[in-house]
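Chemist: Pasting a structure below so you can have a look.
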């Protein structure tokens, strides 16, 4: 039996999962990581805590599975994207807190770029919108605000990276300073056409090239873990950003295949093959993966509020005590009776990108109950995904045959059925919902010879349930119209 170790470093926790070659889980370990918000719009984590939590769960998972590091065939890594870490190469110590992808402190810098007419240029080069979401603005802020950092960077003594870079640096005890291609594509610094750092953008952003890591393919043999770290060395042979890892783990290898991950937010990725497709509908173009000497691209739509809506029902309104109770509450009514929730608590993501939009709950009457609100909350998740898919299909002129789903909220049968109904597309839920971690493990296994091709990985994907569309066309159109009207009222230009 071949064991594969997946490291899944997310926004709220560090995890380690041990799989076999069939995708069966043999051990899981998890440790939460703290998030700090020292100022309005700032979101940070302790980079050293990220590393210490990750090494701790590796050791815990090995102990739980009753195996040794020498029994692991390969290590795969997946991570929260865009999050930015800088450190001193000489000491290996972080020079500042990790700036998390949700952080908005670079908003003014981004606005200045937009005012200077760089929006189209940045999209054509990187596939991304100018937004504080991406790493470039975070790095510029650090260079301008951390005392002595720019000098260290120009002297070649400082390093920048995303979370994959930081973990690999520590796993190899400073031997490797790299960034994997799908992660690099989220920095707003990599040219998607050349798959190299864009010198023109670096000059315009005043970022020293000496600070940047080497871009490597998703299936590169990076190095072995350092001697003495885990008892025996383990080859690091697969790295992917978390959403790209989920696309790979869902075996969405064919052009036109798509997955949607239901977590705190929603992230839909649509495989566009080896062709760069630049969106005309405010979606992101991203690198899906590089493996077996081939590059695959994707269109991505990011929705800010999904599982977070259920958390609001629990913590903000007190309608439920536990998130899992939302389906039971919502099922007490057959419809929302006209109640619509637009969950723009932090603005609207793709394809609207309206940071000033505000949440709206409308259509209520004296007969409205908490069950109607709970049902409207679940439907709001599906409506937002529908907006993303509509934009994707407009860009690609290609109908979606099926949508593969994962993430915690995909276990909600009511939500998945409504998602299928409102999309008019079958929704497929796999038996194993750890698609992100499995994607990293499978990529590592492909390089390590556990798998010889993508078909062998695809064979491990097993269906749990298909949710077929049941809603009549006129009802679907009516519901989408209700959503559209509520959305217009929530957007900033109408408040």
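The first residue you see is number 1, and the count goes up from there.
Every residue gets a Cβ built from N, Cα and C, even glycine.
In case it's useful when we look at the structure, here is the feature table from Swiss-Prot:
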type	residues	note
BINDING	11, 12, 13, 264, 307, 311, 408	ATP binding site
BINDING	11, 15, 264, 307, 408, 412	ADP binding site
BINDING	11, 81, 82, 133, 242	sn-glycerol 3-phosphate binding site
BINDING	81, 82, 133, 242, 243	glycerol binding site
Chemist: Counting every protein chain present, what is the number of Cβ atoms, excluding its own, within 10 Å of the Cβ of residue 15 (ADP binding site)?
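Modeler: Total other Cβ atoms inside 10 Å, all chains included: 22.
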Chemist: Can you figure out which of 12, 15, 82, 412 (the binding-site residues) comes closest in space to residue 243 (glycerol binding site), comparing Cα atoms?
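Modeler: So, of the listed binding-site residues, the one sitting closest to residue 243 (glycerol binding site) is 82.
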Chemist: Other than 81, 82, 133, 242, 243 themselves, what residues in this chain have Cβ atoms within 8 Å of the centroid of the glycerol site's Cβ atoms?
Modeler: 80, 83, 101, 186, 241, 267
Chemist: Radius 10 Å, atoms counted are CB only; among the binding-site residues 11, 12, 243, 412, which position scores highest?
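Modeler: Within the set of binding-site residues, the most crowded position is 243.
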Chemist: Output, ordered by sequence, the same-chain residues six or more apart from residue 307 (ATP binding site) with a CB under 8 Å from its CB, or 'none'.
Modeler: 262, 263, 264, 265, 323, 407, 408, 409
Chemist: If you count other CB atoms within 10 A of each CB, which of 13, 264, 311 wins among these binding-site residues?
Modeler: 264
Chemist: The record lists 11, 81, 82, 133, 242 as binding sn-glycerol 3-phosphate. What's the largest Cα to Cα distance among them, in Å, rounded to a whole number?
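Modeler: Among the residues the record ties to sn-glycerol 3-phosphate, max Cα distance equals 15 Å.
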Chemist: Measuring CA to CA, name the entry from the binding-site residues 81, 82, 133, 242, 412 that ends up nearest residue 311 (ATP binding site).
Modeler: 412
Chemist: Measuring Cα to Cα, how many angstrom lie between residue 242 (sn-glycerol 3-phosphate binding site) and residue 13 (ATP binding site)?
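Modeler: Just about 13 Å between their Cα atoms.
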